[in-house]
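S.K.: Sharing a structure, written as structure tokens. Questions coming.
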Amino acid sequence: MWAASCLASCCAACACDACRTVVSSISRRSARIAYCGLFALSLIVSWILREVAAPLLEKIPWITQFNQTHNREWFETDAVLRVSLGNFLFFTTLAVMMVGVKSQKDPRDSLHHGGWMMKIISWCLLVIFMFFIPNEIVSFYETISKFGSGFFLLVQVVLLLDFVHGWNDKWVGYDEQFWYIALFVVSLVCYLATFVFSGLLFHWFTPSGHDCGLNTFFIVMTLICVFLFLIVALHPAVNGSILPASVISMYCTYLCYSALASEPREYECNGLHKHSKAVSTGTLTLGLLTTVLSVVYSAVRAGSSTTLLSPPSSPRAGAGKPLLPLDKADEHEEKEKAKPVSYSYSFFHIIFSLASMYSAMLLTGWTTSVGESGKLVDVGWPSVWVRIVTSWATAGLFIWSLLAPILFPEREF
């Protein structure tokens, strides 16, 4: 018994030393990576609790105080929402604290990049505290999460449009034959991928012998948008480029595939999964990793954007720096100069707050999934319609980005 106690104490001490070493190694350059790691950890904790926490929550009296009897899935969803709420409050608090930070001389700049032991402890305490709050608060958070998730998807679309237009302007700005050829080649590859992928969608999601009118409608609407993009972009009045049109076409086709792949496995028109109802560990793990990578990348790209809601003092030249720079800078020189911040710290944390809502909706099937599909990540009819509406919103915003300079020539876009 004494030996076991000593071993446990040694393990705890080693774990604390390891955590202290990792936290102390987080520098200004790696702070954004640390926030990504903390956010990814919240997703992993949510997924684990979704699988194992239901029997524990069923025994907590202040959670089981309701008039009707809930099934096991309700408790799984409740666990995910409570972790997400703690994560949301953590990043929202940081966002409020960072409002108005414009210079690296601001004391809050060091708070944004440092104090990681305090942040990790605060995050853990917030998540634990969420399991002591009433169900009504969690229910309200569930409702607003659907709106916050929609806004997060909208930010993703705006960032993509900004990226493709900037990409096109940069290559056209070189005004050399090589870059014009590169534009044509990339556009051609994107269109080939779009049409080949569309053919695969017809093959996978409109199997013969079944009435799959809804899937056919989704695919045909996507193809109509593809041709509409090309027509509008090449119109003499617009004088656009085919590169943005081709990239957005491929992205909309991907969103269509993502929507159709999110259809319940038992749905007869979902031929991709061949009606398999077995939920493997590999499928769950792959779904979680895909969710973590996509949400984290979108959150970092949005939060670090120097063109989207950046402080006025932020230099546009910062946009040319790597998204997650890892190289060591001359810290002494940085301290001597009163440099403006390169991105909005407050907006950076807001994006992670919205991403917390979005990830909770993915892990719970937008809180309405049932059956075996509910055990998967981002599967169910709500996920289908969210993807389709996002695809249509992308199409509408892209066409607006082409037509707006013509309709309102006196304004800058």
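Each residue, glycine too, has its Cβ placed from N, Cα and C.
Just so it is clear, the model here is predicted, and its values are computed rather than measured.
From TrEMBL, for reference:
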type	residues	note
SIGNAL	1-18	signal peptide
TRANSMEM	31-49	transmembrane segment
TRANSMEM	79-100	transmembrane segment
TRANSMEM	120-138	transmembrane segment
TRANSMEM	150-167	transmembrane segment
TRANSMEM	179-202	transmembrane segment
TRANSMEM	214-235	transmembrane segment
TRANSMEM	241-260	transmembrane segment
TRANSMEM	281-300	transmembrane segment
TRANSMEM	343-363	transmembrane segment
TRANSMEM	384-408	transmembrane segment
S.K.: At least three Cβ pairs under 8 Å linking the transmembrane segment (214-235) and the transmembrane segment (150-167), pairs spaced 6 or more in sequence?
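M.R.: Contact criterion not met.
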S.K.: Report, as numbers and ranges, every residue of the chain located at least six residues beyond the transmembrane segment (79-100) whose Cβ falls under 8 Å of a Cβ in that stretch; write 'none' if there are none.
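M.R.: Residues packing against the transmembrane segment (79-100) from afar: 39, 42, 45-47, 49-50, 53-54, 57, 108, 111-112, 122-123, 126-131, 133, 137-138, 141-142, 145, 345-350, 352-353, 356-357, 359-360, 363-364, 367.
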S.K.: When you check the transmembrane segment (150-167) against the transmembrane segment (384-408), do you get at least 3 Cβ pairs under 8 Å, counting only pairs 6 or more apart in sequence?
M.R.: yes
S.K.: Find the member of 31-49, 179-202, 384-408 that has more C-beta pairs under 8 Å to the transmembrane segment (120-138) than any other listed stretch.
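M.R.: When the Cβ pairs under 8 Å are tallied, 31-49 comes out ahead.
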S.K.: State the residues, same chain only, that lie 6 or more residues beyond the ends of the transmembrane segment (384-408) and have a CB under 8 A from a CB inside it; answer 'none' if no residue qualifies.
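M.R.: Those are 149-150, 153-154, 156-158, 160-161, 165, 218, 221-222, 225, 228-229, 232-233, 237-238, 240, 244-245, 248, 251-252, 255-256, 258-260, 262-263, 361, 366, in sequence order.
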